[in-house]
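Copied over from TrEMBL, here are the features:
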COILED    230-257  coiled coil
COMPBIAS  588-624  compositional bias 'Basic and acidic residues'
COMPBIAS  625-640  compositional bias 'Polar residues'
COMPBIAS  684-694  compositional bias 'Polar residues'
REGION    582-644  region 'Disordered'
REGION    662-694  region 'Disordered'
TRANSMEM  6-21  transmembrane segment
TRANSMEM  33-52  transmembrane segment
TRANSMEM  109-132  transmembrane segment
TRANSMEM  152-171  transmembrane segment
TRANSMEM  183-207  transmembrane segment
TRANSMEM  384-401  transmembrane segment
TRANSMEM  431-452  transmembrane segment
TRANSMEM  472-493  transmembrane segment
TRANSMEM  529-548  transmembrane segment
Amino acid sequence: MSGAALGLEIVFVFFLALFLLHRYGDFKKQHRLVIVGTLLAWYLCFLIVFILPLDVSTTIYNRCKHAAANSSPPENSNITGLYATAAPVPSQHPCFKPWSYIPDGIMPIFWRVVYWTSQFLTWILLPFMQSYARSGGFSITGKIKTALIENAIYYGTYLLIFGAFLIYVAVNPHLHLEWNQLQTIGIAAANTWGLFLLVLLLGYGLVEIPRSYWNGAKRGYLLMKTYFKAAKLMTEKADAEETLEDVMEEVRKVNDSIKYNHPLRKCVDTILKKCPTEYQEKMGRNMDDYEDFDEKHNTYPSEKSLVKLHKQVIYSVQRHRRTQVQWQILLEQAFYLEDVAKNETSATRQFVHTFQSPEPENKFIQYFYNPTVEWYWECLLRPWFYRILAVVLSIFSVIVVWSECTFFSTTPVLSLFAVFIQLAEKTYNYIYIEIACFLSIFFLSICVYSTVFRIRVFNYYYLASHHQTDAYSLLFSGMLFCRLTPPLCLNFLGLTHMDSSISHQNTQPTAYTSIMGSMKVLSFIADGFYIYYPMLVVILCIATYFSLGTRCLNLLGFQQFMGDNDMTSDLVDEGKELIRREKRKRQRQEEGENRRREWKERYGHSREDSTRNRNVHVDPKESNLSDLSTNRSSKYTRASNRTERDRIELLQDVEPLDFNAETFTDDPLESESGRYQPGGRYLSMSQSRIFDDV
């Protein structure tokens, strides 16, 4: 089994990172370099979290083996060769290899490759790829040039700081730094930056994650929050549609001005390919390729303005598509939560859905997760499960906060993580050690990483599920993961007293700590910042518990969900009305489909039978002519009556519209044509859209 656990975890973590990236990214539409860069960053960070417990158990075994070798009796000291390695160990040191033991020399090389690759990604490659992905250039050279210009200040700042430090070391005669010490200083600087951000995210996640599960068990809480999200998302959706229409209007003007033989026509064609299909068709119909660009003395846009327009098109189309998908997902979630609220008082204990799922369910899942099981889970068991889970997570959070404030104390040992690991180390229970280490670092990672997935920096950084995350946000998340994971692991090793710079014990360090170097070069960081700054997590947890950040954002005008706020109540009411309107619209669509299906089943066979009988039976000419005229008149009378009846039903199904709107056309490209259609939007819809399917 030597090294088998390492190989299995390497494969498992790869598929885990691939699954998460597939959920948030879009493999078909996004650039391959963006997918590969983000996947590599996520994979390396998850790999560090999963492999570190194996490093801890291997280190404990090596310490035991070293202690057994030092306490061996003198008469066995002259035994050499194979018998020396197989010498019996005294009973006070019952050392045996763990099932996941990793041979010596593998872990240092492994950690060195993983760490320096992640640092190269986060500080050099991913920032460059961010600028490359957001660039509106029309060629690879142009995008690279734009990315280098945008990152010149970013890279120049670090070079300036590093150069000033080297000059200071060269001038000061009392400082003699070697390459290993410079490497340690660079690692310490990166870990200090990461620890500063780590504590902020950890303080939020330790409180918010248990509270979210506790609130999720309350009746009606999730539904009210969904109504609130619907009101905010509708505002964002309307803004995205308006922005897209403005950008498409600019594209239309550029498309009309630059003709087929203009030198910049290829750039315009590239922009048109990024536009939605309906806009491409409308702008394609208005093309007059026979006109030359030099026949009219117009002012043509420059290539720089086209690059800017290209960037705006990419951003507006991505945002519009994301809001549309999120709106549909939010509608399904709201409908389901409303069904849960209705089924809670059901006497039959059968879960009834208002709308059936458009995708057919798996027969295996449908057999075991039947309406009865679904009712017991959603209406009875899930709230209690969430409450128990919230209590367990709260206990973990208290343990983390206590350990962060007391892990520097070695005599007595106050950190609960260190107490658990040392108790298991006395009995050399490696399975317990690995499980305890994995659960501890996994909980810390969930608190930090979930905050990274939840936070949103306006529209620049936002991780949206269902393949709606843009390339910039994916790369930015990879940068954050690579900067947060190394200090997170060092903090965990400090909590368990496996880091010798924290415990101040002359013991064998872990392989992960050994590649970080000795922090004695920077004693003010090792003995000051690394020990006392994590105590700030107590203040952050208190601030998160009382929702101070949420209240501050609400005062600044960024509406947040707060139960005791009038603005929240207004947005909840608005969202409830929006959901009710969409529900009525979907019900009318289903009723219309059912009516059309019944009409086909009722009259389709009778029409075929009458046509078949008319062709088979042949009568004399006079009777045939009279019957034919009678059938025609009755047929057209029935057809006209049915058509008129369908028109009346469809007009009743139309959603009420605003007659006071300034724009009376549905075509965003013809909004400035100056045409006024009397009778509001009903006239335009009745002429062009309502009766298309009749």
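Note that Cβ sites are derived from N, Cα and C of the backbone, with glycine treated the same way.
The shown structure was predicted, so the numbers you read here are calculated from the model rather than taken from an experiment.
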Contact between the transmembrane segment (183-207) and the transmembrane segment (431-452) (at least 3 Cβ pairs under 8 Å, separation 6+): yes
Other parts of the chain folded back onto the transmembrane segment (33-52), taken as Cβ under 8 Å at six or more residues beyond its ends: 6, 9-10, 12-14, 16-18, 20-21, 25, 27, 110, 114-115, 117-118, 121-122, 125-126, 129, 132-133, 437-438, 441-442, 445, 471, 474-475, 477-479, 481-482, 484-486, 488-489, 492-493, 512
Other parts of the chain folded back onto the transmembrane segment (529-548), taken as Cβ under 8 Å at six or more residues beyond its ends: 192, 195-196, 199-200, 202-204, 206-208, 211, 397, 400-401, 404-405, 407-408, 490-491, 494, 501-502, 519, 562
Leading contact stretch, 6-21, 109-132, 431-452, 472-493 vs the transmembrane segment (152-171) - CB distance under 8 Å: 109-132
Mean of pLDDT values spanning the coiled coil (230-257): 93
Same-chain residues near the transmembrane segment (6-21), Cβ under 8 Å, at least 6 residues beyond its ends: 35, 38-39, 42-43, 46-47, 50-51, 54, 100, 102, 106, 110, 474
